[in-house]
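Report on one structure; see the data block that follows.
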Amino acid sequence: MITMPKLFIYHANQCNPKKCTSLKMAKMNKAILLKNPYKVPKNSLILNPYAEKALSPEDKEIVEKFGITALDCSWKEAELMFKKFKFKNQRSLPFLVACNPINYGKPCMLSTLEAFIAALYITNFKDEAWDLTSCFKWAETFIKVNYELLERYSNAKNSMEVVEIQQDFLRK
């Protein structure tokens, strides 16, 4: 039996509900949907594409104890949303390629589901990451396309090493 770390989503209602990965995750009991940003668990790891520190395997303990929170908002509104709320334990995901139908092939334009899969994989909750792919038919493709990078990131010692791996990959 897979013990999934708690996954929280602050949903800003800025998307098409029929295509929303967050709403489907909540419907499948894979994540807890929060309608109020002030209900975000204060010690959870916050996925923030603008955070200065990259997610790394050294964050596993935070994920295990307090879970992961994603803010589901439009990419057009994202920067403003993250500036508006101040959270502890903010981490950015390293370079990965989106495989969702809306942003397929675009670097770093991940859906909330892809962000959770990446965060779980990098913090060495790999079985749990694979389990999340059951939410959408295309989700398994995300791990397959990014497999080499996800493996390298998950073997890094710390955030600095994750950034080095990312820079090395982007130089090639």
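The backbone N, Cα and C atoms fix where each Cβ goes, glycine too.
Residues annotated as S-adenosyl-L-methionine binding site in Swiss-Prot: T21, L71, L93, T112.
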Reduce the DSSP letter at L93 (S-adenosyl-L-methionine binding site) to three states and note it down.
coil
For T21 (S-adenosyl-L-methionine binding site): intrachain residues, at least 6 apart, with Cβ closer than 8 Å:
N100, S111, T112, L113, E114, C135, F136
